[in-house]
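Record features, source TrEMBL:
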ACT_SITE  CYS85  active site, glycyl thioester intermediate
COMPBIAS  146-159  compositional bias 'Basic and acidic residues'
COMPBIAS  160-174  compositional bias 'Acidic residues'
DOMAIN    1-148  domain 'UBC core'
REGION    146-183  region 'Disordered'
Amino acid sequence: MSSPSKRREMDLMKLMMSDHKVEMVNDGMQEFFVDFHGPNASLYQGGVWRVRVELPDAYPYKSPSIGFVNKIYHPNVDEMSGSVCLDVINQTWSPMFDLVNVFEVFLPQLLLYPNPSDPLNGEAAALMMRDRPAYEQKVKEYCQKYAKHDDEAASSEEKSSEEELSADEYDSSDEQVVGKPDP
């Protein structure tokens with residue numbers, strides 16, 4: 001890799017080409033939002049969270065800053081700020097990792113295997129260790145209340161693509177394309 005900025009561009013393009021919806025904050029490539037789907041076979045399945053990502057100037061040598069925008073009940077996610085406590089992002093980050101790893105491996109693993117012994121949300125950690133069924137119920141309540149749901153996310157994407165298609169249908173017809181010679 002010739003430079004961190006080229007690597008940033010490549011990693012961002014890989015993330016956009018994967019199944020994740022990415023929304024840039026501005027023209028730069030340092031700050032963006034990603035729609036993150038809760039992993040299958042987890043308490044978070046069916047939920048969609050908006051995750052804010054900030055890439056430092058030294059990315060990929062320095063880890064991205066990751067935070068949940070909508071609330072999530074989890075021992076390793078700060079309930080108020082959305083900050084994530086995950087060793088691989090905070091301490092053991094390596095330039096070998098990329099943004100796709102964050103959304104397809106690291107965050108799903110975090111949600112599947114919470115670590116209540118290293119909490120950012122002490123209440124969630126204590127409840128998880130003390131009363132697992134009550135913890136699981138609270139996770140489900142937060143998912144219902146704060147996460148978008150897979151069907152909502154899909155229907156809003158379909159609606160916008162249908163609107164684009166219908167607008168395109170009015171703009172062009174087969175006669176126009178066939179009837180115009182190259183200049």
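Just so it is clear, glycine is given a Cβ too, placed from its N, Cα and C backbone atoms.
Annotations in TrEMBL come from automatic prediction, not curation.
Given the structure is predicted, the values throughout are model-derived calculations rather than measurements.
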The average per-residue pLDDT within the domain 'UBC core' (1-148) comes out at 92
Same-chain residues at least 6 apart in sequence with Cβ under 8 Å of the Cβ of the residue listed as 'active site, glycyl thioester intermediate', in sequence order, are ASN76, VAL77, ASP78, ASN115, ASP118, PRO119, LEU120
